[in-house]
């Protein structure tokens, strides 16, 4: 029951908080001493139970008339911090289970396949549990009649508050509990099943380097900046598409009861095609895979906005978008270890910065998610979006078309242009691999 502006403020402040915590956690991880569980695993183990509790409290509606915004802001920032304590070491594990590029690429492919599969599972759990609660839409006063509109609206709101709102709150908390249980289960499997190899780990620096010195070294590495810039814009494009596709299907296309299935089609398509992109990048190179994989979504995004409402076309677009989502998920993460290898060759005397590289990457992943939600919420609010309305003004439908078609296409093109500047092609990658072997 928060207004869209307050929701946007929570998202933006939460992402600003992330801007501080992500690199700081990366730095603290780089200074963590070796334990019998490893250097990275203790962060994952000890952050998990607190992350689950804070996640559940995000979905809990406190019985307070004032202070709800502060409640959600506090627990949202707490959850983001604890997720950082999980996600940064989890992502960095790729570098510390093997030194071989091919093995790290394979590990990244498996990791991203299961991450997308987890997104599918989360989407299905949340969608099916919450979707079972029938929440009646509210007719616009223009359609109810001018004389009795306020009375009719009040009756609808009263009925909603006493019945379906309570059921919806319970459904969200049940879904949060189930997903929290899965979070714990996956953390247990990870901590029991994965071991860091001490000989692969280069987290500990021979000479202590301050946070700002390490940050300056990392952010002055040109290949890293270019990869992050391209990753930022392409990720934002797909986050905008995914975040607004449900509203676009419901109001612009008129498929109110199909959007959960369409979203699942996108994510299942992404899950199934990650192995294909892993094969493609080993056969044709990572930069070629980026251009072909991510740009393949453009004609379909244009098609869904230009053509008349058609369920079959929408599913075709969903599957095609999923293929590009797989490339956007996998390829930037596969390219990051190559950037770190390049950095090691340029700074052979400097060790222990891998976690900082990964922490900024994790930050930009979450940052794009927050920015896309903030842009979407504010844009729809300015366009006159009616919460739970049975229909929306034409301005809202136009805004939704822009958010799932024109804006993502522009961001993809900009991201691909930045990827063009990325200097590590296959020849450079092979030379780096040989040089690192000689150095060791």
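A Cβ is built for glycine as well, from the same backbone N, Cα and C atoms used for every other residue.
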Stated TrEMBL location of transmembrane segment, expressed as one of 40-62, 109-131: 40-62
Per TrEMBL, the range holding transmembrane segment, considering 204-222, 223-241: 223-241
Of 69-90, 135-156, the range TrEMBL labels transmembrane segment: 69-90
Stretch in 288-306, 312-334, 355-378, 398-422 most in contact with the transmembrane segment (261-281), if contact is a CB pair under 8 A: 312-334
Distal contacts, the transmembrane segment (223-241) - CB-CB under 8 A, six or more residues away: 290, 294, 297, 301, 321, 324-325, 328, 332, 335-336, 339, 342-343, 357, 360-361, 364-365, 367-369, 371-373, 375-376, 403-404, 407-409, 411-412, 414-416, 418-419, 421-424
When counting Cβ pairs under 8 Å to the transmembrane segment (40-62), the leader among 69-90, 171-194, 355-378: 69-90
Residues from the same chain, set at least six apart from the ends of the transmembrane segment (171-194), whose C-beta lies under 8 A from its own: 37, 41, 44-45, 48-49, 51-52, 55-56, 58-60, 86, 90, 93, 97, 118, 121-122, 125-126, 129-130, 132-133
